[in-house]
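Asker: So that we are looking at the same thing, I have put the structure below in structure tokens.
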Amino acid sequence: MTSYPNAMQPPPSASSYNNPAGAGSGNSRWSVSSGFRQSINGGHRNSILNSSVMMSQRPSPMGPLTGDDYGALGSSVMGPPTSGNRRVSSFAPRQSMNGPGPGMGFSLLNNINIRDPRPVKDKGFQRNLVLHIVNFLTQTGYPHVITNKNLTQPTNKDFQDIFKFLYLKLEPRYEFQKKFEEEVPILLKTMRYPAADSISKTSLYTVGTQHSWPNMLAMLGWMVDVITIIDKYNEMMEAQQMSNAHNRDRDIDPKMDMTQVSPERALYHYLTKTYRVWMLTGNLHDPDIEESMAKSFQRRKEYAEDEVRSLDVMNDTRRQELEAARAEVSPLIALEGEQKTLKKDLEQFKKAIEHGVPRIEEVRMANEETRKNIINKEHKLSDVERAKREVQEIVRTQTTTRAGLETKIEERNRLRRKEDSLKQKVSDFEEEQRTLDKRFQEGESEAERLITEYNVLAVKIGIVPRSGKHAGGQDFELRLDLDNAISGTGSLYSIETKNKAERTVGALRNQFTTNVNETENELMALKEDLDHLEDQIADKNAEIRIKEYQFGLLSKKHQEDKESARTESANRQTFTESQEEQLQAMMLEINQNTTEADRLEQENTLMERQAAQNREIYNRRIKEILAQLTDAKQHVEEQVGLVQTMASKEVEDSDQQKKHVHQVVAADNAMELQRRNDPENLDVVPERDLIFSQ
């Protein structure tokens, strides 16, 4: 057997690089340990797992290690996940080399009374715990009906059902056998619950009391957190195993291109080789390994710098494109301008349509008239065609001489000339007709404009309509009557403007002149009255200002008196409310003290009975522990002698170990080459890397 120079010290694990404070700090009692939390968040999974495995392999002459050795739950939940979704218990105490007796189920350190640092009696903390536990039970298939009331006013049955459900999540194969109140404290200490001493058998009999329930609720919340963390850890380890199986054919040697290997895997490989060298030489620093690691990270740095430079160039290009895009006119602005133009065109089209509607009716009427003319022309044309056919028939049947034919030809030419003359006259007549129509339309428009102007003025002076102020029941509205004018049966306008309208307007003009003179006289009298009233108003305003000043002084005094009265009333109200609150608090405290006194009296009776039973149990266990301490002392003495022998042999074998280091490093390199060539044996660790041959 080969000895080691540092046989009494634990080997440096990967966790010592990630968590210098150690896993046995005080804060680790209330969580799964800081190192385990880092493993979940930071990706250093293997380091914590190796630390747990190495420490679990160290034999303990005193029986199972406690939470103070390496974290309350850090070691117990870090075992590798099992296959499938089945959770295997991690809370069973480890057996020592000597096999502890029946009284060594728990370490003596577990009996230390640890004060729970959580605000378990705080109402807000309790509400959050209740919501957290109810949500967890609902999501994980709790077989009973669960509400907030079950965790604010619980019965013993509710608590027992919830505890059994949660514990079976941790120990799926466990079967409750003993009495529940006696079995729960043992299970809590087996789980290494840091505040297990706060859960007594007495409190388990009175779960729903104000004294017992906060600790029970905190314990249930702790179990929910442990289950959640274990599930997350198992999922993480399963994902890690799948990732390792997927990347099994990839070499993790840090000497290879660091752009192909993550820094975490390279660091893990470096720590593995450093650990092997330490196992061989006891030296934590190997220049060759550190130089190789430094060169690898230097290549990684150069690659990162090249990547940063390329990203800078890409960033500059994108920035130039962005500036060019900003310099151009935004398509949105152009589209908005086009939209405004289209809206203006739409408004113009609507206006044109509104103006064109009356014209459409006029064109329709003109088309109807033209259609009638065309029908008449067609009838005339049919008559002419019929007459032409009759004439042709007469000509065909008539026997005509050459002289008669020439006479008819001359007659035809004469008729043609006459026809051309008539056509020219018709054309001149049509041109004259168009001129007259144009003049008629202009005259009609001018007449309509004058009529409109007349009617507007007539409305203003009140002679239109018939019920106007100055109409006198007569119709002075002017209208254009073209039909009567064209037919000659009446005048062009509906009234005689020379006689009827001018006489009425003249009479109105005289009346208006008289009214204006009278109004001016009245206005002068009103101005004099207004001046007199303004003088009186000025006097009244002066009196009002004096009254306002006096009113302001009185209002200010009234406000001050009102504020002082309000302040005094508020002070009296506050004093009255404080006295009422103190009275209610005193009454509540008296009721609570009475209830607490009754409960303490009951608990005292139960504790006296329990103390008598525990006294006998503790005496019996102390005797057993003393016997085991004697055996442990003998074992330690044997181990000391063995260590001395190992130390003497170590001095003799030191030279041989130094020579053997280079052989092991060469063998390690050969093994890594073999792993690269044979991926199936990637996870096999040869025994010769961990021990020396004699």
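Positions of Cβ are set from backbone N, Cα and C atoms, glycine also.
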Asker: Kindly point out the range from 47-88, 467-508, 509-550 that TrEMBL annotates with coiled coil.
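Answerer: That would be 509-550, per the coiled coil entry in TrEMBL.
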Asker: Name the residue range among 1-44, 89-132 that TrEMBL annotates as region 'Disordered'.
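Answerer: Checking TrEMBL against the ranges 1-44, 89-132, the region 'Disordered' one is 1-44.
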Asker: When the pLDDT values for the coiled coil (332-439) are averaged, what is the result?
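Answerer: PLDDT averaged over the stretch: 85.
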